[in-house]
C-alpha cells in the first residue's frame, strides 16, 4: 500500500511538474507573441505613418503646383477649385503641364454637358423662332468644333515639347484654345438680335461662360509655361531657322510634300475635279463637289470652278481638309447668295461660303452676299479654317462682309468691300497688298472697316492690314462727307487691330476710330498705326484712348507681320501664293 501510495504520489508530483513546465512554455510563447505583436505594431504604425507622410507630401506638392499654375490666370479660384475637386488629382499632377492637361480634360466634360443641354433645349422648348433654332444649331456646331480643338490641344500637350519645334507647339496651342474661346462667344452672339433671342441666351449663358473661363485659364497657363520655356531655350541656343523660304532663296521648304511642290511649280494646276454650271464639268454646283471631296486629305485636293455665277450657300466642313478652290478669275467665277439677319438668319449662318476645315485655299473667285444694306448683317465669306489663304479674291457685301471668325488666315491681292463692320471676327488675320473699300451705307449709317472681337488678353488673335489701300467705292466717293467712315470699332473687350504701311485716303475721318458703346473697351483694346501714308493717315487728330497707339518702332511693328503674327514662315510657302514675311 505504501509503494502504491508512493508510486501514485510520485506520479502526481511528476504530473504537477509537467503541468508547471507546460504552463511555463505557454507563458513564454504568449510573452514572445506579445513582444512580436508590439514590435510588429510599432513597425506597422511606423510604416503607416511613413505612407501617410508620403501621401501628405505628394498632396501638398500637388496643391502647390496647382496654386502656382493658377495664380497667373484671369479666374484663379475657378482654376484651382476645378482641379483639386478631381478625384486623386494629387496623383495626376507633378508639373504645370499636368495642370493644363487636367484643366482641358475637365473643360471637355463641361462642353459635352452644354452640348447635350442645347440638344435638349431644341427638343423641349416651345415657341422657338426660326432664327433661334438656327442659332441653337450654330451652338452645336461651335461646341463640336471646341471639342475637336480641346482634344487636339491635349494630344499636343502630351507630346510637348518634342513633337515639333517649341515655337510651333506654342503657336498651335495658343491658336487652338483661342479658337475654343471664340466659339463660346459665337454661340451666344446668335441670341443678340431681339428680346426673344435674349431670353434663350440667358438659359445658355452660365454654361457657355463657364467653359469660356475654363478655356481662358488654360490659355493663360499655356502662355506662362511656353513663355518660360522659350526664354530658357533662347538662353541655351542662338536663334536659328533651318527652314528656307521660297521668298528668301528660291528653294522649297523641306516640310513641303513632293506632290505639293510639283503642284506649286507647275504653271498650270491640274484640278482633281471641275465644277461647271453649264454641265460641262464633273459637278454643276460647288456644294456637290465639296460633299464628294475626300475627308482628312493629307494632300491638296483642287476643285476648279469654271466661269459662271453659282447661286448657292457653300459649307466646307471640318473634315474636308486641304481643299483648294480655283476660279477662272474673280470677274468670271462668282459664288453668291443672300441670307441675312433681317430675314431670320444668324450672322454666323448668313455666310454665302463658310470654311471650317483646315488648310483651305482659294484663288481667283468672288464671294458675294447680295442682301443689301437694309438687311443688316449679311456675310459673304466666313473663315474658321486654320492656315487658310486667299489670293486674288473679292469679298463683296454690305454689313459684315468678311467674317474672319477664328484661326490663322492670310489674304493677299484681294478686294474687300462693305459698310458696317465689314471685316470682323476673332481670327488671327493678315491682309497684305489688298484693296479695302467702304461702300455707300444705308441712311444714317456710319462705315466701320473693322470690328475685331478678341475677348481675352491672352488670345493670339487680331486683324492686321499691311501694305494695303484703304479707300472708297465709286458710289461712296461723291457723298462720303455724308457717311463718316472709320478704321474700326471695338466689338469685344480686348479688340486688337493694326494698320501699317498702308495707303489711307481721306474717306477715313481724322479721329480714325469710333467707340462701340460709350467707354466700352477703350482702355483694354489695342489699335495700332505704323508708317501709313495718304490723306487719311495723319495721326495728330486721332482718338486719345488709352488703347490707341502710334507705333514708331520697327521692332514693335515686326510683331504684326505675317512671319510673326500668324507664324507664316512655317506654312505660307505651301500655299503657292505671293507673300512677304516682314515689313
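Note that Cβ sites are derived from N, Cα and C of the backbone, with glycine treated the same way.
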Recorded substrate site member, picked from 346, 347, 455, 524, that accompanies 377, 489, 491 in Swiss-Prot: 347
Other same-chain residues whose Cβ falls within 8 Å of the Cβ centroid of 347, 377, 489, 491, the recorded substrate site, in sequence order: 399, 400, 420, 421, 424, 451, 453
Rounded distance in angstrom between the Cα atoms of residue 400 (active site, proton donor) and residue 377 (substrate binding site): 6
Among 85, 347, the one of these recorded positions whose Cβ has the fewest neighbouring Cβ atoms within 10 Å: 85
Secondary structure at residue 491 (substrate binding site), reduced by DSSP to three states: coil
Distance from residue 224 (N-linked glycosylation site) back to residue 347 (substrate binding site), taken between C-alpha atoms, in Å: 35
Using Cα positions only, nearest of the binding-site residues to residue 224 (N-linked glycosylation site) (377, 489, 491): 491
Cα distance (Å, whole number) from residue 105 (N-linked glycosylation site) to residue 85 (N-linked glycosylation site): 13
Secondary structure at residue 105 (N-linked glycosylation site), reduced by DSSP to three states: helix
